[in-house]
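Features as listed in Swiss-Prot:
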type	residues	note
BINDING	19-26, 81-85, 136-139	GTP binding site
BINDING	T26	Mg(2+) binding site
DOMAIN	10-204	domain 'tr-type G'
REGION	19-26	region 'G1'
REGION	60-64	region 'G2'
REGION	81-84	region 'G3'
REGION	136-139	region 'G4'
Amino acid sequence: MAKEKFERSKPHVNVGTIGHVDHGKTTLTAALTTILAKKFGGAAKAYDQIDNAPEEKARGITINTSHVEYETETRHYAHVDCPGHADYVKNMITGAAQMDGAILVCSAADGPMPQTREHILLARQVGVPYIIVFMNKCDMVDDAELFQLVEMEIRDLLSSYDFPGDDCPIVQGSALKALEGDAAYEEKIFELATALDRYIPTPERAVDKPFLLPIEDVFSISGRGTVVTGRVERGIIHVGDEIEIVGLKETQKTTCTGVEMFRKLLDEGQAGDNVGVLLRGTKREDVERGQVLAKRGTITPHTKFKAEVYVLSKEEGGPHTPFFANYRPQFYFRTTDVTGTITLEKGVEMVMPGENVTITVELIAPIAMEEGLRFAIREGGRTVGAGVVSSVIA
């Protein structure tokens, strides 16, 4: 059977469910696919199809994640749901499934619970820009005051982590009742879909962002000059563009005099392309793997930053013992390792395998860095953790 062509007619948005265990994240995911498929087409997915999530690897870490898709009138959504709390933590920190917005599922019967709080904090740390709330299991509550109370609690909680708690849409419903075909609760799923369409702005496409290419290899071609190769992470590079080489050393300005792909000369390379870029007047020894090529003035080199990290458990091949302040592993950014020293938050004595924690890092060499940049923590060539830059300090 020929593969179906992916229809690109609607803008694409990445979302996911977050929230406390057993508050109904997977049931809601099933309800979204099932009920939206009836109206807009697409494949309905049952609870147990979503619940047995396949394993995948991201930055050397195994994560169980379910990916489903659904459509609304105006958009195509890719939606990620994780079976276990640890999978959420790993998923959000590694960026295995980048989210343009999250659906926070909170049971109306229980109100916010510890993981509700933890997932909101994680969303803040890893840069999930928008949260929409689905108050689930509303069929189990018949006290209007309780609804108001839970809603207020959720809004306060969101505000305490710098989300606009007063403005976040909150939809009250029951995913299970919707799946069972209760028309009033099916309507709530459409209401949630409309909230997604309205509240999460269409994300900027990778090609529309400023040009950035992590350098993987450097060659010198006699008579032509220096060529760097790598995959364009974002933006477009044209012949004649003024760019700079950032990271590890002093930032150098240069100009692109040629773009090659599969040994053919092109006028431009764009996000997702593996290209060779010819640099004017740049010496072979001035460039190395681990630096980036970028549009001038769009990214700067830094050595000190705060990050949210997940440390692998022993079972996952992580460390067998905790680490303490002044631990010095390697931090693998894009294409290279840089040694750095870890400082722990006040009151934190040590970090156990399998925990996630906020740290401050000082690198021995600068890296082209911005909030949201992902990295792996490695020791002796093996991954011991993963992290995301939550703020740049210096």
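For all residues, glycine too, the Cβ spot is worked out from N, Cα and C.
Recorded features from Swiss-Prot, shown on the structure.
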| residue | record | Cβ neighbours (10 Å) |
| --- | --- | --- |
| G19 | GTP binding site | 26 |
| D22 | GTP binding site | 13 |
| K25 | GTP binding site | 27 |
| T26 | Mg(2+) binding site | 22 |
| C82 | GTP binding site | 24 |
| H85 | GTP binding site | 14 |
| C138 | GTP binding site | 22 |
Cα-to-Cα gap, T26 (Mg(2+) binding site) vs C82 (GTP binding site), nearest whole Å: 8
Contact set, same chain, for the region 'G3' (81-84): CB under 8 Å, 6 or more residues outside the stretch: 16-17, 21, 25-26, 29, 50-53, 63-66, 68, 91
Reduced DSSP assignment, G19 (GTP binding site): strand
Within the region 'G2' (60-64), residues counted as helix, strand or coil by DSSP: 0 helix, 4 strand, 1 coil
